[in-house]
């Protein structure tokens, strides 16, 4: 993403692919930077499913918080989408929390652990047949910004309209689970008057969703902003992306493209119905076009309006990391945490079929050197698994001793390469042509050449980087990419990227791994009802991927960011890897 | 970093001492014994009296020597430009890649400090960076001079349609916003020269930058020469040559060209520093010579990020660049004054 500095950053989400698009291709070039203390990966138990009691409003109050005031937000990019159905990027979704509600959502406890609770629904949904049919009941008193009640028909309509042809870029899980992979062929959206039979509304308050197959974590899926609700009466189709109708605590007053977004209170939002959102400030003023270097300087200087400013996405610029960490005065307003993103260096398995050669690549890879170039421990923790530690079921496993030798074991790699009779094997490494990535390439070149590979660097333009590596018949052997789970279970963490049946141009299986054993194991894992047991199954798949050295997991990305001294309640949202707006108040 | 244009329109250069009275005194003492000093010797004498010129010539010579002797310097100094010292030795750089030692990691081992990130030796990067700059600048100056001379004289001497055609080409090229054009053409030139799927050879960025810079760098010289050739064409000695049946080739090369050496040399010396900055500018903007070839422009661009955290890293390439370009420019001015003391007076 940098990219970066370039970065590219999380902004490059390549939409449109059939199955799962990119929840989270995160940026490289950028600003990924974080914690000095490189804490142990957080425990996998931090995510749980809440009860109906947990789903009751109001949200747990923030100690010392008071109402009122205006909170400023500074960031690099404007939100690319406001229509919930098109929101997939974490950055857009985080802002949408302020004006869009879903059936379910995540509630963060004071200790940072997160719980899935009912947002519009009274609980996290019930299923009587193991996950094929899901029933949700809406709370009393949930309203649109014009005061009209939110009904089950609205929920049904919101899912129906995600089938419409103008909805590009949002998640497609629910649609495919209801109607199959070619879901647009099965149903064209609600605009010609036809409804979707799989979703029924027995009464004003009840929605029943019927899937073709078992999906035990569908209630997590429905927490995505992409399944946020849209009112039929105010649906302006394409225009809705510019000004959505609010169901949350704030409504949009003004949006100037690429410049600013202003929010004010929605008088019809009732805190008693909302277990997630603490709406302390009266207004939000968000401005865009601020690069990470600028925002870092502004937060350090802490002048004027910047005192009450935070930033969803801009992190501490890598060159400032040491300075920020060394400054005791900045400590109280520094946020650090593990994001859901895992960085991989994908090995193109169509071109490199010999497992020994792949193992040699894994062994030789200079994790320490590349990480140091991008911010050190603040950039991330060394990764060995394909699943992030933020995902339910994560287990640490290191078959190639990467953690013992993060600087790369070129000797061992050379031995493997000799055994495979492939010394001098050319490795075409495609990279985003930014100054930072050129240096990263140098570090990789040094190690791979020492291990006996012939290194061929291929600089690609930042704008077309993803397009180029997403071609199935691309001519590269090794390329960087990131992935973050859409919700914290193994399914969304692994299936979109490692399922061999989703290999296609523009798809997310960058490594072109098509292992029947893994495909079958994935199908089996989805059907396990118990979340913990399912987590174990996914961890087993993860280990299999590692054993075969299908790619090189690089780091679990961390985040290090600052905010103004005049704000309280700024928290780090580990599910999105961003600063959360939900508990922010003006001191 | 504009590409060089007519330098004869430059104003007076402070520090140039040659002047009309000087010339008179230069010639006067020579009167008794050395009555007929050649123009070359006269020019050399004038040049030696120009202190700024001599000093900058020494500086330029120093830079050229450093570039030529880079491998020797590397051997004596003990470090090279490619090794990632900071990454191989964890005590040199912090976890996020900044030099641990103060002043950008300056020490007995690394005189100018370490590059943040990769931890290469800044001094050797600079030394090898001079090579990059000089090779490209010299090659470009040579190429633009050849093109400029050929087309300029041809246009001036041939006149008519040839003059019209070349003149319009010059007009068109000069109306291009050079910086934007350079940025836009660099990737195109690179992709034309390398088949996809193959490694970009080290020499390629050099050739690509040289071609791109040359493409937009020859017009100034060509215009000046066209003007001069136009005037010479009407002079008696040319007419005499024509009457005796000399071919146009012979007239251009034997009759006109020898009269144009002064503007050509002056233009070329002034163009050189301009190309150095233009090359650095391209690299600064990320379209010039890429890693791992050391390059000043790229160093300065990278160092700008560390302005607040490691200013030493910006200091060395910055100062080196200023001295280098200043010396070349002053030398160019002195050469002009020495060759052509009456210009612009």
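Here the Cβ of each residue, glycine as well, is placed from N, Cα and C on the backbone.
Taken from TrEMBL, the feature region 'Disordered' covers B:1-33.
Marked as compositional bias 'Low complexity' by TrEMBL: B:1-32.
For B:53-77 (among others), the entry in TrEMBL reads transmembrane segment. Tertiary neighbourhood of the transmembrane segment (B:53-77): same-chain residues 16, 47, 111, 123-124, 127-128, 130-131, 134, 323-324, 326-328, 330-331, 333-335, 337-338, selected by CB-CB distance under 8 Å and a gap of 6+ residues from either end.
According to TrEMBL, the domain 'ABC transmembrane type-1' annotation covers B:130-332.
The transmembrane segment annotation in TrEMBL covers B:134-160 (among others). Outside the transmembrane segment (B:134-160) by six or more residues, the chain places 63-64, 67, 166-167, 170, 206, 209-210, 213-214, 217-230, 232-233, 248, 251-252, 256-257, 260, 264, 267-268, 271-273, 275-276, 279, 289 with a CB less than 8 A from a CB of the stretch.
Long-range neighbours of the transmembrane segment (B:172-194) within the same chain, counting only residues 6 or more positions beyond its ends whose Cβ lies under 8 Å from a Cβ of the stretch, are 1-3, 200-201, 204-205, 207-209, 211-213, 215-216, 219, 278, 281-282, 285, 287-288. The transmembrane segment feature in TrEMBL is assigned to B:172-194 (among others).
Taken from TrEMBL, the feature transmembrane segment covers B:206-225 (among others). Same-chain residues lying 6 or more positions outside the transmembrane segment (B:206-225) and placing a CB less than 8 Å from one of its CB atoms are 3-8, 132, 135-136, 139-140, 143-145, 147-149, 151-153, 155-156, 166, 170, 173-174, 176, 178, 181-182, 185-186, 189-190, 193, 260, 263-264, 267-268, 271, 275, 278-279, 282, 288-289.
Positions annotated as transmembrane segment by TrEMBL: B:256-276 (among others).
Annotation source TrEMBL lists transmembrane segment at B:313-332 (among others).
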